[in-house]
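What TrEMBL records for this protein:
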type     : residues  : note
TRANSMEM : A:7-31    : transmembrane segment
TRANSMEM : A:51-79   : transmembrane segment
TRANSMEM : A:91-113  : transmembrane segment
TRANSMEM : A:140-158 : transmembrane segment
TRANSMEM : A:179-205 : transmembrane segment
TRANSMEM : A:211-231 : transmembrane segment
TRANSMEM : A:238-258 : transmembrane segment
TRANSMEM : A:264-282 : transmembrane segment
Amino acid sequence: MSEFLQFLFSGVTVGAVYALVALGFTIIYNASDVVNFAQGEFVMLGGMITWFAHAAGLPLPLAALIAIVATAALGVAINKLAIEPARGAPVVSLIIITIGASVFLQGAAQLVFDKQIHSFPAFSGDTPLRIGGATIQPQSLWVIGGALLVFAGLWLFFTRTLLGRAVLATSNNRLAAQLVGINTNFVMTLSFALSAGIGALAGVLATPITLTAYNVGIGFALKGFAGAMLGGMGNPKGALAGGFLIGLIEALTAGYLSSTYKEAAAFVVILLVLFFMPQGLFGRKSTERV
Amino acid sequence: MPKLSAKSATLLVLAALIAVTPFFFPSGYYYRVGALIFVNGLAVTGIVILTGYAGQISLGHAGFAGIGGYACALAPTHLGLHPSLAVVLGAAVSAVLAYLVGRPILRLKGYYLAVATLGFGILVSMVLNNERALTGGPDGIEVPDLGLRGVLKDWGLELSNGQFWYFLCGIALMIGAWIALNLHQSPTGRALRALHGSEIAARTVGVDVARLKLQAFVISAVYASVAGSLVALQNKFITPDIAGFMHSIEMVTMAVLGGAGSVLGAIFGAGVLTLLPQALTVLAEYEQLVLGLVMMLVMIFLRDGLLPSILRKLRGTGE
């Protein structure tokens, strides 16, 4: 039982990171129908920039803030320089563009930083907390709390603010939103900034546990996508639930089946979801009009 | 004078390039680079069938290259097959796997297909990395000699190792291009292109969309597999890198850079991206950076790819 609890804790911790990545996918997808494959790189950048700034002598909170702001700015740059000029391009082109952005950011991280694996100290110490015979790192609580807070913040933003409603309106119908005077280009920019910032935050929170390196992005992207899809693409609630579920499935696979093949769990989930439940847990069934 | 068909023209250009360029080689090393370009060109021709003709994307095709490569390492030692038969076995395994994986995932479109194929590729490279007892893990494994060079020598045709692989890979590329070009003109090819234009329109005129996509996927998997086998046999060594995510990305980038819509364009793209790191060794550090940049720039500014854009400029037509 305590063994199960232990797997549960580690699953919920990584699941929280995947949930944040999945939320990032959802925000951009809703605003622009683009799936941004560079989403995982934002997580990597959050961790790497924080490590770099911290190693350069800045206090950790300041380093983290710089990382989040810088990554958000990079997200905006990707939108302005690569996504907006390609508006109306076929999906295959958009996929190649965002994968290109992802490969580019990896290459840049290799040059600007290095190819080593890095970490920085946990925010509130390393003394594990004992719960029911299992232990949990204080940093895990930071990650889980961070994911829930971001979700709550997004919910308030989308339901209670004019700007948030403008984003929702754009995702519903771009043209109609433009007609009522919503600046949809600004909404796109905002979405990229938000989702890059959230990705970077995930990287900042998770690095003391999962470690970071220039090439960790693709793993986060794959699992975040699996989470977003499991929950139902475009649904924030689904992204949260899906992310946590993917984390749990992965941890239980590692614990009870095979730790070398835990990475395969996300892929298997993707296939099963697509096969049996293409609209995901929370998604509505949609019909494409021609 | 009868007008040359696009197919014959492409094949003639290719044959001429393969036959003539060795006269300009300053050293034997260039045969190796040439062979590498042809192998990459072969793999990318498969991408043309999948992406250029049928409009479907795969981010996991390196997985099939890995299967072809490791078949040449494993089948001779474990099954006692001749290396040339191992190429066939690898291609068969790739085809069967592509069929099995393709059936569920090719129902997907766009993003979903991209992620599903990406996951497939990662799975293959995971197996190659983890099953140390069989594959040697990340360190790789030796591949037996093909032995064909010795046979040619007995027949009185003496080639250096570099020359042998240059011409063998060149011939393989010619065969691959010939098949792809024939496919392009066949009813299947026309149906594939219809599918690319509009899947729904294709379906309404009676095209069996699911079956066609699966065919394109299986055929392109075989191309990647054979290319992987040739790399393994030529190097006499193979590592899981061949099945890695970056290799998949390279294939797609080569295709879109040159022009995924045309066989010659894609081979041209393979040539450019193979030569680039060779020509500028300094570039090694920047390889990923450049690769990512090329992917973005080509898709934003030259959606048809480099070669079709150049040809259009040369012809001076505004179409």
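We count from 1, first residue shown onward.
Glycine residues also receive a Cβ, built from the backbone N, Cα and C atoms like all the rest.
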Checklist entry - Counting Cβ pairs under 8 Å to the transmembrane segment (A:91-113), which of A:7-31, A:140-158, A:179-205, A:211-231, A:264-282 comes out on top? => result A:211-231
Item to check | Non-local residues, at least 6 beyond the ends, that sit with Cβ under 8 Å of the transmembrane segment (A:51-79) | outcome: 36, 38, 42, 45, 98, 101, 105, 112-113, 118-121, 123, 188-189, 191-197, 199-201, 203-204, 207, 212
Item to check | Intrachain neighbours beyond the transmembrane segment (A:238-258), with Cβ under 8 angstroms and 6 or more residues off its ends | outcome: 3-4, 6-8, 10-23, 25-26, 147, 151, 223-224, 226-232, 264-266, 269, 280-283
Checklist entry - Top stretch among A:7-31, A:140-158, A:264-282 for CB pairs under 8 A with the transmembrane segment (A:179-205)? => result A:7-31
Checklist entry - Looking at A:140-158, A:211-231, A:264-282, which one has the highest count of Cβ pairs under 8 angstroms to the transmembrane segment (A:7-31)? => result A:211-231
Next on the checklist: I'd like to know if the transmembrane segment (A:264-282) touches the transmembrane segment (A:211-231) in this structure, counting it as a touch only when three or more C-beta pairs sit under 8 Å and are separated by 6 or more positions.
Outcome noted: yes
